[in-house]
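Single-structure report; data block below.
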Amino acid sequence: STSRQQNQPQGHYGLTSPISLAPPSDKDHIHTQKLIEAMKPFGVFEDQEELYHRTTVLGKLNNFVREWISELAESKNLPPSITEQVGGKIFTFGSYRLGVHTKGSSDIDALCVAPSHVERSDFFQSFFEKLKNQEEVKNLRAIEDAYVPVIKFEFDGIEIDLVFAKLSLPTVSDDLDLRDDSCLKSLDIRCIRSLNGSRVTDEILRLVPNLENFRLTLRAVKLWAKRRGVYSNIMGFLGGVSWAMLVARICQLYPNALASTLVNKFFLIFSKWDWPKPVLLKRLEESFLNLPVWDPRVNPSDRYHVMPIITPAYPQQNSTYNVSVSTRAVMVEEFQRGLEVTDEILKGKSDWSKLFEPLNFFQKYKHYIVLTASAFTEEHHLNWIGLVESKIRVLVGNLERNEFITIAHVQPQSFPGNEVLYKQSGFVSMWFLGLVFKKAESAVKTNVDLTHGIQSFTDTVYRQASALNILKEGMKIEATYVKRKQLHYFLPAGTLQKRKKQRVSDISQNNSGLQCKRSSLGESCSDGSKDRDSRTPSNSSSLNKISKLDISTAETERLFLISWPNSKSQVSPTEMEATVALRTSGPPIGCTIPGYNTVCQLRTCFVQEQHKLSGTLITDPRSASPKQHYSPSSK
């Protein structure tokens with residue numbers, strides 16, 4: 001520990017010497033034991049049987065790779081003296097390599113390192129075929145056009161994500177050390193990216209002063225992040241390697257502290273961190289290879305990263321380029337809550353279970369967008385939701401650039417579509433985004449137009465799907481604006497936490513609003529005052545009414561125009577009512593689907609105080625002027 005402390009770089013990008021070298025007290029040991037007990041019910045600790053099984057599977061896979069590389073050498077007529085020594089090796093990285101694998105989590109990130117005679121095409125062809133012929137291998141699929149190309153499969157019940165890199169070496173020995181920068185020489189960018197996972201993981205482990213304390217703290221932080229909905233790199237939060245680097249930095253600052261103290265210091269440091277000052281585990285280093293690295297002094301685009309956490313292995317990269325202003329704000333708020341809770345725990349006023357209480361996302365905001373992705377077949381749906389999910393952060397970015405929006409918070413978890421609402425759509429997944437609007441500075445009515453941001457997002461997804469040749473008939477994206485009290489129509493039963501019993505008048509008013517929405521389709525709202533608890537799962541009639549408004553036939557693009565009430569309204573300026581224009585949507589011009597009907601329908605609903613609606617159904621948008629539907633002043 002002492003030698004590593006002395007080797008820590010000083011005064012560069014906020015890197016400092018350890019803040020505290022004090023040894024842990026008896027109280028620290030007691031708190032750490034209580035932390036462990038609080039984490040056990042969540043299955044964060046792997047049992048020995050699971051560990052043994054994974055080790056066995058990795059051993060089999062390593063032998064399998066060496067056998068394939070040797071056979072490939074023979075097929076390419078390499079001399080027998082070389083064929084016998086070509087080698088090949090499997091390296092692990094990610095949570096398994098860090099030693100924080102959880103119980104029941106069977107996936108392992110692995111890297112196949114091969115000598116120079118093996119090409120990437122061999123990996124995705126001959127190795128793929130060899131895997132296909134193995135009885136232990138199930139659910140085999142190759143994703144060759146990914147940012148980091150990968151083969152995914154199950155090997156004897158263990159999910160493996162296997163990436164590939166070939167080195168500029170005739171053989172790969174068992175004692176190969178990937179931390180040496182020279183192994184990157186003469187490699188293409190895809191091989192460098194593949195090697196990066198293993199190199200970063202090994203460097204993190206090398207830079208922490210105490211592995212046991214690091215691992216226990218990281219288990220606690222990852223559990224907390226998942227419970228609070230801030231664990232998702234693809235959605236613009238942080239992924240596993242980023243959380244690991246943040247924990248590693250705290251371990252460097254408090255090298256003698258136990259996990260209970262480290263968790264508290266984690267929240268203390270990062271709730272007050274001066275973002276976008278980067279978090280680094282060591283000084284940025286130069287190399288003779290001259291590969292592009294994160295450096296805002298050289299790269300203008302790096303200056304726009306809002307929460308940089310820099311990988312310690314060359315070439316250093318920002319692991320959090322997906323983070324936006326909104327997702328950073330959400331995480332900082334959670335850091336602050338974590339600090340308050342852990343302070344209470346360490347003072348004996350609370351226990352560790354409080355830290356892991358889940359976020360009540362569906363009670364947090366007044367305004368939500370429901371994003372729906374659907375397809376006719378299960379196979380098409382899996383491809384479709386993977387693409388949509390990867391682009392949701394684009395929608396978050398579009399929304400937060402709206403001058404009237406302060407936060408656009410996406411819930412990383414997706415939900416299956418309501419069978420009643422989406423029975424015509426086949427396979428459906430839904431994501432929910434909470435919105436916070438700026439407080440109105442004046443009593444003048446203000447219109448918030450979300451049309452462009454949402455339309456830009458849907459166009460982006462459709463164009464990417466078309467470019468990847470995965471766009472099929474029946475693939476749809478729909479976005480629906482709803483208020484908090486309407487969420488139960490979209491969510492599975494039991495998802496929403498029980499709220500205090502509403503007054504009969506509130507329930508009546510809510511149902512009245514939902515029924516009045518039917519007037520936009522020429523239906524009567526005379527029965528809207530029926531006393532009915534809208535939260536009852538068996539309320540199929542109300543579900544049908546929602547479906548007639550929000551989930552129309554055909555393919556939907558949805559325009560949003562949200563209005564703040566004027567000074568005469570009985571609603572406060574911060575309580576927003578919505579003017580929502582919904583129109584059928586398909587792919588943008590230039591994207592075609594075989595058999596896809598691109599005829600558009602447009603209907604506009606104006607939601608006033610008391611949820612009163614008026615509007616008309618326009619069957620041909622060409623017959624109406626754009627001002628009617630796109631202008632913020634259109635009513």
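Note: Cβ is positioned from N, Cα and C throughout, glycine not excepted.
Predicted automatically and left uncurated, TrEMBL annotations should be read as such.
Per TrEMBL, the feature ATP binding site maps to Phe93, Gly94, Ser95, Thr102, Asp107, Ile108, Asp109, Asp161, Lys222, Tyr231, Gly240, Val241. Residues or ranges marked as Mg(2+) 1 binding site in TrEMBL: Asp107, Asp109. Sequence annotations record features per position, and here TrEMBL assigns Mg(2+) 2 binding site to Asp107, Asp109, Asp161. Under the heading compositional bias 'Polar residues', TrEMBL lists 1-10, 505-527. For 14-208, the entry in TrEMBL reads domain 'Poly(A) polymerase nucleotidyltransferase'. According to TrEMBL, the feature domain 'Poly(A) polymerase central' maps to 213-357. The domain 'Poly(A) polymerase RNA-binding' annotation in TrEMBL covers 360-420, 426-498. What TrEMBL records for 1-28, 501-544 is region 'Disordered'. Taken from TrEMBL, the feature transmembrane segment covers 229-248.
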Could you give me the DSSP helix, strand and coil counts for the domain 'Poly(A) polymerase central' (213-357)? 74 helix, 6 strand, 65 coil
Cβ under 8 Å, sequence separation of at least 6 from the ends of the transmembrane segment (229-248): give me the contacting residues as numbers and ranges. 94-95, 98, 100, 197, 200-201, 204, 207-208, 214, 217-218, 221-222, 262, 266, 270, 279, 281, 309-312, 319-320, 322-324, 326-327, 330-331, 334, 358-359, 361, 389-390, 392-393, 396, 410-413
Please state how far apart, in Å and to a whole number, the two most distant Cα atoms are among Phe93, Gly94, Ser95, Thr102, Asp107, Ile108, Asp109, Asp161, Lys222, Tyr231, Gly240, Val241, the recorded ATP-binding residues. 20
Across the domain 'Poly(A) polymerase central' (213-357), what is the average pLDDT of the model, as a whole number? 95
Please give me the CB contact count at 10 A for Asp109 (ATP binding site), counting all chains in the structure. 22
Name them in sequence order: residues not among Asp107, Asp109, Asp161 whose Cβ is within 8 Å of the mean position of the Cβ atoms defining the Mg(2+) 2 site. Gly94, Tyr96, Ile108, Ala110, Lys152, Glu159, Ile160, Leu162
Asp161 (Mg(2+) 2 binding site): which of the binding-site residues Ser95, Asp107, Lys222, Gly240 have a C-alpha within 10 angstroms of it? Asp107
Might you list, by sequence position, any residue in that chain lying six or more from Asp107 (ATP binding site) with a Cβ less than 8 Å away from its Cβ? Ile158, Glu159, Ile160, Asp161
Let me check the 10 A CB neighbour count of Phe93 (ATP binding site). How many other CB atoms are there? 25
Might you list, by sequence position, any residue in that chain lying six or more from Gly240 (ATP binding site) with a Cβ less than 8 Å away from its Cβ? Gly94, Ser95, Leu98, Lys222, Tyr231, Asn233
Count of other CB atoms lying within 10 Å of the CB belonging to Lys222 (ATP binding site): 21
